[in-house]
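**Student:** Dropping a structure here in structure tokens format, bear with me for questions.
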């Protein structure tokens, strides 16, 4: 194939006996396993050999351009008769050159043959090949290597292409750059040309028989570059080949393909600049009468050719091999080693073997019968068949020293041999594994048949097949796949009665039901998300904005990682339902589980498989339920999780699950294989952050959901709760109205909590009561007429030969299980004239007497009573502080301070600070007011059954004590919150929004809060701040100035009491004075 590229010939024209030119020694070196008889036999039986397209460098084309190439009539197929207007032949009808120049007359062959053999061979060739006329040209089918025949004497088409030619006597030669691989002398190659000017120049060279039809072919240094024209010598290697154009044909896509026959090595001189003016013009067509002779026409064609803007070079030098010693031991050793490797290559690779056989049979490369006499050709051949890099083959081409060339070629073929051996080994390993697998399958099928014949089938194969079908559509990680295969193998060997059989079967069941590699496609549609969130929830701006941010980031990145979000707020504000809306807006599956009160870590991470009844944890169960690896998992009541016990600490187990850096390999105790949870969106809910462990809280993004104010509750009731309750009670088509004042009355007198869960219960109760009243109003008789419409099928008569569902006959007297038919209910049609309107005045009849009769605990606050504000697990609440004198101030009273109301440690400290500050403040502002000297004070926070704690009641307690000392009542519409220091500084507090909601719900109109919380106040919604005046304070004196405005008599207060005390003390003897004190002390 590489040795000669000509066209398809018929097998009848081959005479293998007359073409063997190598000695028996050379043939045995190349193919010792082949005898001459075997070679002849195989060659005579061989019809044609096709050349792989990648070795010809011919690009694929919609039409096979090779069909348009013609080299000579001796290679034409008799089956085609139509001529082609694009065919450029290289020989005439007799097999000789059509132009008669450049190639000359046939030379005398070196090997003498008998005339009889020549005439016989010639007659055979003539009889086997039809003659063609000059007007008709047949189209061959495809390109094949041509087998040398007795007709292939010097001067025939097969030999003329390699006839000697020199570039040094040419004025200039055409330079044709090639990429990927350089050309080697003696080994032809097809080259594709795309440049129009280069195509035109090649056409002129070939048509007009100019410059011996030869071009200079050089390798481009940049293998990625694809060009037919060069502008600098730096683009190519300086050593190339002088090659003759053997065939030229144009393709339909505008490109052309030339078959080049490299003759010898050349070295480029310099590029010649060409002026393109007029170069693109074609030669005028021949007229019937010739005006000039052939030589003049050829000269004109050459001048026109040299004007084409292509790569022309001058100063070309012919390169000859350096002299060498034929008796050199090194050269002989290298030659023998290359022959040995070629022999090994032929044993490994059939294609290379075919190339070597082709050279042995054709003998058109070696002029001598001994390969050792022409080592330079052997080196070139070895380089041509190797798959080395282009620069390595170019290095062989540039080597004029025969010994160096042999060494470089030896390296190439050795590497080729090692690569082929490695490929063969890999192929054998794959075949071995495949055969082993086939053997195992065959034995398993035999085992199945034996068990079936013996009645030992246990359904195990069906179970294994089910498991394999489940995982067929999944993308199991490599480690999971290995565990799965190991467990399948274990299951196939265990006896069904073994205890481990069911354990392994259940484990495989869980592995195959986890959605490995399955993800739902997230929806990043902001408009859709806003619509879903607004449909299900009113308000919650912070929550909705956070979800929209999450969607926006995912839309920009194209994917989002899992997040951990924690919603904190009182019950009934929609924490759980908003998580469902988030899952719906993101198009994710939703799964919820509560861990309130869970104290066993196995609930989250599963049990060990060795335990009886072991199961995976809640997280793996969530994946099985949702059948996706990126669901939204809601962990409810995370603030009520059980703390550490002998079963483990669940909160510590959550640290791994909720850590974005660790949950990509979450390890369940039961599964014992890492599971990727990094794409899962975790949403946690809590009523308070106080009971959540710090490390766990640090892993979550906290979003606070505050309680609702009255206006928000009214909107939620009218838009969500009332329509839902009306539909659930069967009043969807009935004229039942719940007025706005009734909803407001429900909120103020029955449902003052922060959430709307209790409000929903009361609204449902109202509609149920309304439904009862409507039924009573319609009347029992009308109701019974429309009550039910039940369709009951007649029971089929039981015949004697009854048959069960599975075709088993029913025994006589045996009962047949008949599925009960569910009756179809038809809704009651309520007359259109029925109308019910529920107003505020009707609430007592529907939901009973009011729970809260007034907005505040005190309509008029007594002296020493102040409204404070606090935050509980149920949201914000008003918290009154009461202070009273335990006994009147008298000579026998002693100063003291006590507090009650289930106060926590922090609140007790706040009360002590408030007491000390009040004494200091009163002494500083009113020195003559000696109230605290003998006042025994009791401070109490009502609703003593409820534990209370926190630092924000400091200014409230101080105000209560000063109110008592100054005998001044506080405005009942005032509420306050803030932490107090001993110096009177008011510090920042938390939960201002919830406290503001509670103040508004309790009828307060003015709220005092720390100045550091001013940003929280300004960020509140307007509906929360409506009808509420906020006063930020930095020092307690600012609170005092606003509250205690009419205290002109503060100095005179308690003056009469202390005058009597002073008089009593003065009239009492000194000995008597100490007696009561001693008694009191005792």
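Each Cβ is built from the backbone N, Cα and C atoms, and glycine gets one as well.
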**Student:** Write down the single range among 785-820, 821-856, 857-892 that appears in TrEMBL as region 'Disordered'.
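**Tutor:** It is 785-820 that TrEMBL annotates as region 'Disordered'.
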**Student:** Pop the Cα-Cα gap between residue 995 (active site) and residue 574 (ATP binding site) into the table, whole Å please.
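**Tutor:** On Cα coordinates alone, these residues lie 19 Å apart.
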**Student:** Counting distance between Cα atoms, which of the recorded positions 571, 573, 576, 952 is nearest residue 995 (active site)?
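**Tutor:** If we rank 571, 573, 576, 952 by Cα distance to residue 995 (active site), first place goes to 952.
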**Student:** Give me the sequence-ordered set of same-chain residues, not including 569, 570, 571, 572, 573, 574, 575, 576, with a C-beta within 8 angstroms of the centroid of the ATP site's C-beta atoms.
**Tutor:** 567, 685, 687, 705, 754, 755, 757
**Student:** For residue 571 (ATP binding site), list the number of other Cβ atoms lying within 10 Å of its Cβ atom.
**Tutor:** 18
**Student:** For residue 952 (active site), which of the binding-site residues 569, 571, 572, 573, 575 has the nearest Cα in space?
**Tutor:** 569
**Student:** Indicate the candidate from 569, 570, 572, 574 with the smallest number of other Cβ atoms within 10 Å of its Cβ, considering only these binding-site residues.
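**Tutor:** Lowest Cβ count within 10 Å among the binding-site residues (569, 570, 572, 574) is 572.
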**Student:** Out of these recorded positions, 576, 952, which one has the fewest other C-beta atoms within 10 Å of its own C-beta?
**Tutor:** 576
